[in-house]
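Per Swiss-Prot, the features are as follows:
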COMPBIAS  150-163  compositional bias 'Acidic residues'
COMPBIAS  196-210  compositional bias 'Basic residues'
COMPBIAS  211-224  compositional bias 'Low complexity'
COMPBIAS  232-242  compositional bias 'Low complexity'
COMPBIAS  251-273  compositional bias 'Basic residues'
COMPBIAS  298-314  compositional bias 'Basic residues'
COMPBIAS  315-330  compositional bias 'Low complexity'
MOD_RES   SER9  phosphoserine
MOD_RES   SER120  phosphoserine
MOD_RES   SER153  phosphoserine
MOD_RES   SER181  phosphoserine
MOD_RES   SER188  phosphoserine
MOD_RES   SER193  phosphoserine
REGION    117-330  region 'Disordered'
REGION    151-324  region 'Required for nuclear targeting'
ZN_FING   9-40  zinc finger
ZN_FING   65-94  zinc finger
Amino acid sequence: MSTKNFRVSDGDWICPDKKCGNVNFARRTSCNRCGREKTTEAKMMKAGGTEIGKTLAEKSRGLFSANDWQCKTCSNVNWARRSECNMCNTPKYAKLEERTGYGGGFNERENVEYIEREESDGEYDEFGRKKKKYRGKAVGPASILKEVEDKESEGEEEDEDEDLSKYKLDEDEDEDDADLSKYNLDASEEEDSNKKKSNRRSRSKSRSSHSRSSSRSSSPSSSRSRSRSRSRSSSSSQSRSRSSSRERSRSRGSKSRSSSRSHRGSSSPRKRSYSSSSSSPERNRKRSRSRSSSSGDRKKRRTRSRSPERRHRSSSGSSHSGSRSSSKKK
């Protein structure tokens, strides 16, 4: 079979004998060269590409020939003499790999070593770490522990073998049989009752003192309220006395005003009569001076008792009266 006319199709298999390595058709059950039967070890062949044929070669107008093949992975058309694709390096004839589902990484699922380990109840694990249940305990060497246990057991045996005659073991029984009449067993009950009574008395005293202090604290508050009411009543009486004194002063002022007006009206005809009856001017001058001085004293007394508002009113009234008297004199 010539290599030019040889075409690999899907299903062809390679002889499992390494010396032979012949590629057989898919329909053969034994090797065509060495006669070895087809087994599961025989690797299947897979065509990485297909020839384009005459029709596509004619359409390319002399660019490709009928023996050229097209890659199945990248669809690139390669020359017939190429065993691998020019673009993606896919082989033209490749061995069909078994579908195991592995990813195909480095050394994956190949020569895997499974080390069988047995769990032990020892103090340390397989990595030399101390187990959790032994971490809190201070465990020493086994020989030391055994020696300590042996010493303790020997000490206990020696203690048991000692004479017990030196110890008075019957003293407890003698003490139980002794007379209890010397001891006052009821004293504790009496003391408890006395303590309860004293506690009750102290509580009653504290309550009475508390009530007295509360009554004392309430008495100054009542005295304060009384003093406040008295001060309020005194202030109200003072305000009333002030208002009554003001009313009295007002009534007195009105009376003095009316009397001054009546005096002024009566004095003018007197002056006229005196002036007409008197014969000498000197007597008239003396009389007018004495009258003016008496009228000035009266005015001063009235103005002292009056308020500043009344003084202003009296000054205005006196000016009017002066103008009236001057007009009458004229």
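Here the Cβ of each residue, glycine as well, is placed from N, Cα and C on the backbone.
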>> What does the structure give for the C-alpha distance between SER120 (phosphoserine) and SER153 (phosphoserine)? Integer Å is fine.
In response: 31
>> Using DSSP and collapsing to three states, where does SER120 (phosphoserine) fall: helix, strand or coil?
In response: coil
>> Can you work out the mean pLDDT of the predicted model over the zinc finger (65-94)?
In response: 86
> Reported as an integer number of Å, what is the Cα distance between SER153 (phosphoserine) and SER193 (phosphoserine)?
Replying inline: 55
>> If we skip the immediate neighbours and take only residues 6+ beyond the ends of the compositional bias 'Basic residues' (196-210), which ones have a Cβ under 8 Å from one of its Cβ atoms?
In response: none
>> I'd like the per-state residue tally for the zinc finger (65-94) from DSSP, helix first, then strand, then coil.
In response: 0 helix, 9 strand, 21 coil
> For the zinc finger (9-40), what does DSSP give as the number of helix, strand and coil residues?
Replying inline: 0 helix, 6 strand, 26 coil
>> Given a separation of at least six residues and a C-beta threshold under 8 Å, show me what packs close to SER193 (phosphoserine) in the same chain.
In response: none
> Using DSSP, how many residues of the compositional bias 'Basic residues' (196-210) fall into helix, strand and coil, respectively?
Replying inline: 15 helix, 0 strand, 0 coil
